[in-house]
Every structure is written in structure tokens, then in C-alpha cells.
Amino acid sequence: MEQSEKRLKKQLRVCVATCNRADYSKLAPIMFGIKSHPEIFDLEVVVLGSHLIDDYGNTFRMIEQDEFDIGSKLHTIVRGEDEAAMVESVGLALVKLPDVLQRLAPDILLVHGDRFDALALATAAALMNIRILHLEGGEVSGTIDDSIRHAISKLAHYHAVCTRSAERHLISMCEDHSRILLAGCPSYDKLLSAHQRDYYIDIIKSWLGDAVKEQDYIVALQHPVTTDIKNSIKIYELMLDALISFNKKTLVLFPNIDAGSKEMVRVMRRKGIEQHPNFRAVKHVPFDQFIQLVAHAGCMIGNSSCGVREAGAFGTPVINLGTRQTGRETGENVLHVRDADTHNKIYHALELQFGKRYPCSKIYGDGNAVQRILKFMQTIDLSEPLQKKFCFPSVKECISQDIDHILETQSALAVDLGGTNLRVAIISMKGKVVKKYVQLNPKTFEERIELILTMCKQAMADAVHLNCRILGVGIGGGIIQHNELIHGSTFCAAELGHIVVSLEGPECMCGSHGCIEAYSSGLALQREAKRLHDEDLLLMEGMTVNNKEQVNAIHLIDAACLGNSKAESVLHTAGTALGLGIVNILHMINPSLVILSGVLAAHYENPVRQVISQRALLSAQDTKVMVSELEDPALLGAASMVLDYTTRRTY
């Protein structure tokens, strides 16, 4: 029964997407393996990127020569060979890929490596709920490729890695260990057998001439480093100068399509490399022939991953220039010239390495990668949920040895110096008002300070019983820039309530006339409410004020809501005054948002918006105005400054 079920099991549709000559060398062995098992797999091939560009050898033809049916060819490269062109190429690929992936509907998409084209593939597939198997993730090379490679790993559902270190890196990146296969590099399946073939002499002669002998020539392959283009071009120029001086037959391959490659080609042509008798400059060499050329070279130089990976399988001496492969695992055959800033350094490295042979390295594979990958794909359960699960390590919280400290709630003491009331509150780290104290604001400065100190002392005493540890005291009202309170030269900055909006306005408690506070504060509205009440112009039908009750701003608001035109006029004037003050603030510090808070905020919102639209400069007229939904925004804001500052971690 089980055997019959297996026979009836549908083929696994695998889409292999290849972007350039380098990734095809890794993907081709897997493609051959898939093709050899038609009863298990249904292979779809998508070609994009530099494969389809004439300047880079039209390398899609070698895929056709390998007798693979190319299901889709996507022209995704925007020419320019600079950073912007790379970004535009990713965007173009993302525009074209959805139609192809929707039509093919693969069960699994194979994506290789760390190229920007591969990032587009992984992004499109992830968003279209297609399972992704990422090859060669977890490695470290030392350039922008690291970021792209790790980004693809985070999008991928399954991983086939080359080394034990790469496996550990993915596990430390919280990838599921059960979905990581330590397979080895697929290209090694060919490399380890190719070294024994005896037709390499013909290949050497066909590319470098009849007079060239084994281990008496150099293979040079240098790519731009997109995070340091200027320096990578300088290194390329120094490398060519050193090779000219070294006077050995050299096969130079054109760089890849990354930003900076155009400038590198210009350097090569300016030095006459294509016409130089010691050099053969080519855009592409078929991989089977390329590995024979590397295997039997006297030395390989540049910054290609082939030098630190594949060349080790043959023991070929390698000189790695610059930082592009700094983080790679290498065999003893690699000599790094990380600071390749002089011709002499590179020339001396050539003298040290040329003609040597090193023990063959199997860091990146043992020749059985394809077999492992094919078996791994067959174990993928398509009925499993597609959503990735990350294996985050458990995090131990810091536990104090002091039981009182463990049980304490970190808190701040917030003070709001309102026009009508003084308010003090104990605010917890989570923004909860633990306890609040409210007192009428005395008229004199000395009385206010005395009352603030009394209220704070009471709050500190209560905090002990409430098990709150006070980290500091915050006073509401101020300007905050880059998380820091602006104090001013005499610690009086941001007296925003005393911005003058009228030369003939009412007297303010500060002694001046026409301040915002004289128009718009609770005390100012209380004064106007009392005036209207004394003139019998305040109360509307249904409103009462008993003899013991003091008339305040709430009575004024109630009267306005009931249609009292005098009360409405007072509130409109107050809102206009506040709006004029806010216009001045907009012109000074240009914030993106104005938030009004307090019981009067809703009544001031429309007048403030109207004044901004009429009086503000054109650049500030679109500033958004909204009413805070927080119950005590001034107290919470003051507390947040203390809690943020005292718990901030600086490194």
C-alpha cells in the first residue's frame, strides 16, 4: 500500500532561477540531478540578470547547450553599473517575476547566494507564498553581499549550506535547525572529479596559446566592492600594474555587473590589456573549462569567491585582494592582501605564491552535495504551514539580589504647573498614573514653590508605601529636541504660554499684556466667566450656580455649548490667541504635528486650525493639528523624560 501511494505521489515542481555565470556553476549540478529523476521532480528553469546581456557573454546559451529548457527569460538588468542601476534592476525584476511565478506555480524555488537579483527572487517568492530553498546561506564575505545573503536567508524556508560554520551562523540567526541541510557546495561535485581529467592541456592552449604550459600562467578575476567603489577601482588598477610587471601569461575575466564594473573595464582598456601580448581578456569561460584553467594555474589573483572556495579543491595558490572575501573560510592556499594599496605589495604577493602547490582542501564539500540536496527536497512536507518559525534563544532577565529592588516599580514624579491647578503624580514605567495630587495654584511665586515642594514630599512618602522607586522629577512644559530638554541660558526656555499675541491684550500674571496665557488659560477663562456671570450674561436655561460654588471655565464651556453667544465669543478669542501663539512656534521650530491637550483642547482645535491656515507661512499651513486622547498628557510627558533618561543605555 505504501509503495503504491508513493507511485501515485505527484511530482515535486522545482523552479531553479539563475541570474549569472557564477550561480549557474552551483545550480547546474542540482539541475542535472533533478532532470535525471523525472518521476520525482518537474524542473522549471527561469533565466534573468546578466545571463541575457551581450557584454557579459550571453551566458544563457551555455544553459541551452546543457540541454535545459528555459521556461522564461526575464530581462531585468538596468544598465549603468552603478548603485542606482542595481536598485532599479531589483525593482524591474520584482515587476516581472510575479507573472512568471504565478504561471509556473512551483512547489519550491531554488535561490543561490547573495546577488541583488537573488534578493528580488526571494522577495517575490516569499510574498507569493512559494517555499524557498536557499543555497550557500550563512556565509560571511565582508561586503554588502553579507547583508543581501542574510536577508535572503530570513526570507527562505529551507537552507542548504556548505560548511559547519555557515550552519552555526544560520542557527544563531534564529533559523530552524531542522530546516538546515549541511550539504557542501554543489560545484565541488564536479571539481573533485574534474581535476583528474587529462584534456586540460588543450583547454589551456585554446585560451592562452600553444606556448603556455601548466602552472606557468595566472587567472585574474576582480569584482567591484559596492560599499567602497573608489578603493576597489584603485586596487584593480594596482593589480593590473603588478601583473604587467610580473610578466606572465594571464587570463583576465571581465568583472561582474555590480556598481563600479564599468569603471574597472575602462581602467583595463586604458592600460591596453586587451591588446597586450601577455594578456587574454574574456567576458566568459564555460565553467567546465574555467575550473580546469584554475586547477592548473600557477596562481589565481583577485577577489572572486572562486579563489577562496573552488581553487582550494585543487591546491591552487590564490592571492585575495581587498576586503571582499575577508570573512570566508579558506584553506592554506589563500594569501590575503587586505590593504592592497601599493603595486609592490601585490607584486611581492605574486612572487610568494606563483608556482606553489598546496594540499587540496575540502572545506566546502566532499563531492556529494547534490545527492544530499535532492533527498532533502523530497522530505519537504508541502502540507506544513508555510509561515516560518524562528527559534529565538531564551533570554534571562536580570534579577537583582535585593528583594526590595525586585518588587519595586520604577517610577517618576511628574509636576504640571497649570494656570488654575498644580498637579503632581507618581507615574510608573508603563505609563500608569499610580497616584495623583491636585491643588489650586497660589497667586505668588513663593507660595507656588512652597506648595510644589509640599506636594512632592507627600508623593515621595506615599511612593514608599506604594512600593514605587522614584527615579527623578519631571516638570511639564518645555521643548524637547533629540530626546533632550532644552533649558536655555538661565533655565527658563520654552515659556510658551507667555508668547505675546496682542499689544493691547489683557494683563497676564507675569506682568505683561497680551500673552497666550492671558487669553487661553483656565484662569483667563475663569476670569471671563466671572465677568459674564456678574453681568448676568453667563447662565443659560437649565444652568445653575449656587452661592458656595465658584464660577470657572467649565461654566463658560457649558454656556457656549447651550448657545450663549458671549461665551462662544470668549472661547473663539481664546482659541484665536492660542492659534497665533502656535503660528509663532511653527515659524520658529517647524514641527510636523501640533497636539492640543486638556479639557479645553476640543474647543480650541478648530480656531487653531483656522488661524494656521490664514496666518502661517505656506510651508507650515499643512501642519496637522489633533487633540490628545490621553487623560494627563502633561504629566505623562514630564514623566517620560525622566524614565527615558534614567533607564537609557548608552554604549
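Backbone N, Cα and C define each Cβ position, glycine as well.
Source: prediction; values computed, not measured.
Per TrEMBL, these features apply:
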type	residues	note
DOMAIN	40-377	domain 'UDP-N-acetylglucosamine 2-epimerase'
BINDING	His498, Cys508, Cys510, Cys515	Zn(2+) binding site
Sparsest-packed of the listed binding-site residues (Cys508, Cys510, Cys515) - C-beta count within 10 angstroms: Cys510
Non-site residues, in chain order, whose CB comes within 8 A of the mean position of the CB atoms of His498, Cys508, Cys510, Cys515 at Zn(2+): Glu495, Gly497, Val500, Met509, Gly511, Ser512, Ile516, Glu517, Ala518
Neighbourhood of His498 (Zn(2+) binding site), C-beta criterion under 8 angstroms, separation at least six: Cys508, Cys510, Ser512, Cys515, Ile516, Glu517
